[in-house]
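As recorded in TrEMBL:
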TRANSMEM  6-25  transmembrane segment
TRANSMEM  32-50  transmembrane segment
TRANSMEM  81-99  transmembrane segment
TRANSMEM  106-125  transmembrane segment
TRANSMEM  145-164  transmembrane segment
TRANSMEM  185-206  transmembrane segment
TRANSMEM  218-238  transmembrane segment
DOMAIN    276-338  domain 'J'
Amino acid sequence: MAKGLLVTYALWATGGPVGLHHLYLGRDSHALLWMLTLGGGGLGWLLEFWKLPSFVAQANQAREQRRNHEELIPSLSPLRFVAQILVGIYFGFVALISLSFMTSFYVVGLPLAVGLGVLLVATVGNQTSDFKSTLGAAFFTSPLFYGRPIAILPISLTASITAQRHRRYKAPLGAETLTLRLYRLGLAYLAFTGPVAYSIFCNVAATLQCVTEVLGSFLYWFTFFPVFSHIVESILILPYQVWLLVGNPGFVSVSFQEWEKLFEFVRSFQDEKQQLAYQVLGLSDGATSDEINRSYRELVKIWHPDHNRHQVEEAQRHFLEIQTAYEILSRSRKSRDY
């Protein structure tokens, strides 16, 4: 049955942020993307207003024409590429919040989440990509940044480049019932939102700790890139600038105080991590770089698992704590020197 433009615009206006118009047009990947991001933060939904006629024409395209497309390679889309990176980062951030307690999370959970986010964007519309190659790139990149939340960025970038290299048009599929499509979308939606809901409502303390840790890692990383640091700073103070435009001084004051508390919380959490790192290495506050390096080398020799065959588990725990503490203090020193 041919799809109507007026019906598409009506669904876009009434349920666009949750992808109703994409569901009507048979664009299930796009519908799921909008469900999980609320229409790309609202911006993507608004920009679609001018693209709806092309979406309808694409949905009404004959199968013969789609079959001919199989021999072609879609043109490179910078917008799709950027969207892949951003959604990959978004999926990785959500995974860090809700699944970081898993064993081998940085080897399995994180690259899988980021790779699926990239693939979701890659399969929007009449295009797709190679799943094995994209996920493989994510899994190969992850060990290089093991244990670091900032790993989200290189994993997403590598997976997005791979997805673009293997881009192609979708093969024609037979008609599927609406019930089956809704069932599939529902499972995907629950798989994404279920762990997040559990973390937010049942594990609040750990969730706040993870969020502040990730924010701290990102803020630290951006200090080495002045241009990006300025951009991030502008984004973070954007809510305050919006509140200024509201024109209600009382509202602005209270809201800005709450916003300020968030950054104070992040900063205090980072300070607390540094204090614990000094304790792990047996040092006092303000220890020099030489003292940190010397203590790290001595403790690594003592607690290396190869030297503690009789207490492997305890040695591994201490060894990881020492490495983490050294990494925290090293990053703090580099940032201060910079």
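Positions of Cβ are set from backbone N, Cα and C atoms, glycine also.
Residues 33, 37, 40, 105, 109-110, 113-118, 120-122, 149, 151-153, 155-157, 159-160, 163-164, 192, 195-196, 198-199, 207, 210-211, 214 of the same chain lie 6+ residues outside the transmembrane segment (81-99) yet bring a C-beta within less than 8 angstroms of a C-beta in it. Among 6-25, 106-125, 145-164, 185-206, 6-25 has the largest number of CB pairs under 8 A with the transmembrane segment (32-50). Taking Cβ pairs closer than 8 Å, the transmembrane segment (106-125) reaches residues 27, 29-30, 32-33, 36, 55, 58, 80, 83-85, 87-92, 94-96, 99-100, 131, 134-135, 137-139, 141-143, 145-148, 151-152, 155-156, 159-160, 163-164, 167, 170 in its own chain, all 6 or more past its ends. Residue counts for the domain 'J' (276-338) under DSSP, split into helix (H, G, I), strand (E, B) and coil, are 52 helix, 0 strand, 11 coil.
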